[in-house]
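Since the structure comes first, as structure tokens, the remarks are kept for the end.
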Ligand code: NAD
């Protein structure tokens, strides 16, 4: 049931930051899996480029180790064939040395070979890399660049980054990654909404009471302390991943599944977001649960900043001012060290306008749950008659479809987000990448929220590691006579 594998065109992919964590954990394993599926044509080359002084052989050894760690069982003959594609050059983004060798290896851009530069380095190196690529005439108008998150720290820095890249590359050549968009189930949101007649007529404020989007993680900030403490949950997760989910849930149907048609509709959602009221925002920071032993660190201990006011959790209520959604609140929350790892969207439909069954039947409303991870699937809660002779009593039952059950092993055979995204870059399909104006609009909505709590001197509320987040997030819902749906594993 998984789509046929269609080989991509021959390519040269230069991975700047080819020795880094992201390259080892995600980019190289993704390329290897596509290679094993025969999707990479003969002659496709992967050129690792970084500051370390490595030979081709020692880089190949590093790649082999990374694949063995991150790809499970690796067949030796597949590995050997993959490593034949892998080269290494020592290239420093800020130093001309090394660029001559890269120029020699790549030659002039050619029409019959796709050329991709993957910027898997810190954002401060994006501009120097773009400049060196142009100075050495390594790109033409068919060349593509891939840039990693975070795309800016606020609107001003995102704008500056866009301008820098735009001075060397056309927007159609720039692929800004939000790996959430490459997830099979996130793309499924569009299939569920626009491939079925069932939901779309009800997908508006007349029938939908409210929508909850939860991205919960069990991990803390270990390993990324310095970056995270300057960023926090709002910048690290809300501005990009949750915003993208919100867009896919709330956007109008695009006329076709084409990059600009889809991204135009997403942009309209972001631009229609109202500013968030301060009392509709809850920030939290994890602490060790009461009775914890020494190994359970608090957020502040983890980042080594005893007074840090960075949030590891944020919940907020958002409103979209347009005809479809006026009056339907969207509750968004994300946090670290929560009780379970789970990404879920819950669409709560309104009660039936009139109950013919009387007050004893209680209140019943439909709920559509879209689980993105783990155990991807959808559940629709419907109301039925409680079985038995005791009169007309009602109960709710789930119509449950676990994709793993329905699709068997095929769901697990579905490509990882990076596999999908990298092959889309080589194919030249930007649908699942963020456009520059989209990123700027997301920052334009986020910046005043952050500026607001900074100027008020708000301090995040403590919450226990392993809990569902701070109690104030529950109050945010209760004030509206609502409750969060549980965070389930
Ligand atoms: P890392 O620190 O592990 O690796 C950085 C890489 O950049 C190394 O290969 C290093 O040699 C290279 N490098 C550093 N300075 C250089 C220079 N002057 N010239 C050329 N190469 C240079 O970082 P990472 O975790 O791999 O992250 C890379 C990028 O991806 C960052 O922008 C990060 O925010 C982003 N990102 C990482 C992850 C992740 O899980 N690691 C997730 C999302 C986004």
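Every residue gets a Cβ built from N, Cα and C, even glycine.
Unlike curated entries, TrEMBL annotations are predicted automatically.
In TrEMBL, the substrate site is described by 179, 183, 217, 336, and among 170, 236, 351 the residue recorded at this site is 236. Least packed by the Cβ count within 10 Å, out of the binding-site residues 51, 179, 183, is 51. In the predicted structure, the domain 'Glucose-6-phosphate dehydrogenase C-terminal' (190-485) carries a mean pLDDT of 92. Highlighted here are the binding-site residues (51, 179, 236) whose C-beta falls below 6 Å from ligand 1: 51, in sequence order.
Using a 10 Å Cα-Cα cut-off around residue 241 (active site, proton acceptor), the binding-site residues 51, 179, 183, 217, 336 reduce to 179. In this structure the alpha carbons, written CA, of residue 179 (substrate binding site) and residue 149 (NADP(+) binding site) are 9 Å apart. Under 8 Å from some Cβ of the compositional bias 'Basic and acidic residues' (475-489) lie the Cβ atoms of residues 210, 212, 214, 216, 280, 282, 315-317, 329, 331, 333, 338-342, 344, 346, 348, 367, 369, 374, 468, all in the same chain and six or more residues away from its ends.
A Cα-Cα distance of 33 Å separates residue 217 (substrate binding site) from residue 51 (NADP(+) binding site).
A 10 Å cutoff on Cβ-Cβ distances gives residue 336 (substrate binding site) a total of 24 other Cβ atoms nearby, all chains included.
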